[in-house]
Amino acid sequence: MASTSRTRTERVRGRGRGRGRGSGSSSLPPPPSTLPLIIEEFFIVVYEDPLVKKVRTPKKFADYLDGKEPAKVYLRAADCGPRLWTVEVLFDGQGRMYLDKGWEKFAIAHGVDFGWFVHFKYEGDDVLTVKVFDGTMCRRYYYSDDEDTDDESDDDVKPCIHPL
């Protein structure tokens with residue numbers, strides 16, 4: 001009987017190991033704390049007047065750009081043609097980044113309002129693709145018939161048009 005109970009114990013211990021892997025190998029990914037921090041997307045909720053001169057980005061995104069802080073970024077509304085909106089960037093020396101001069105024009109042209117979500121995706125080369133979600137939490141789609149992609153040539157705000 002002793003040999004029978006030992007055989008059962010050995011069988012129980014042998015279950016769940018996988019086929020031929022042994023106990024020393026693991027195919028699990030490394031824990032999240034050992035992976036590099038890559039922040040490519042973030043959003044802001046418009047809690048203040050959307051036409052303020054500057055908007056703060058999340059600290060983790062500012063940390064991601066540490067050492068390569070751009071003086072300007074270029075906002076491109078998703079699905080709104082090739083137009084790039086030039087926006088100056090400010091860093092306050094305490095790890096915070098702000099979208100400054102140029103943000104107001106972008107907000108006006110896209111009708112950004114209080115309570116809306118604005119989603120940003122960093123595309124590299126200082127370009128951020130932007131999606132706007134209104135107060136109903138639905139994405140707003142825009143199109144533009146403006147062929148001019150250089151917004152620095154004039155001061156007029158040429159709005160993207162939101163189809164009804």
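Note that Cβ sites are derived from N, Cα and C of the backbone, with glycine treated the same way.
The annotation region 'Disordered' is assigned in TrEMBL to 1-32.
For 40-136, the entry in TrEMBL reads domain 'TF-B3'. If you average pLDDT over the domain 'TF-B3' (40-136) in this model, you get 90.
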Summary of DSSP states over the domain 'TF-B3' (40-136), given as helix, strand and coil counts: 13 helix, 39 strand, 45 coil
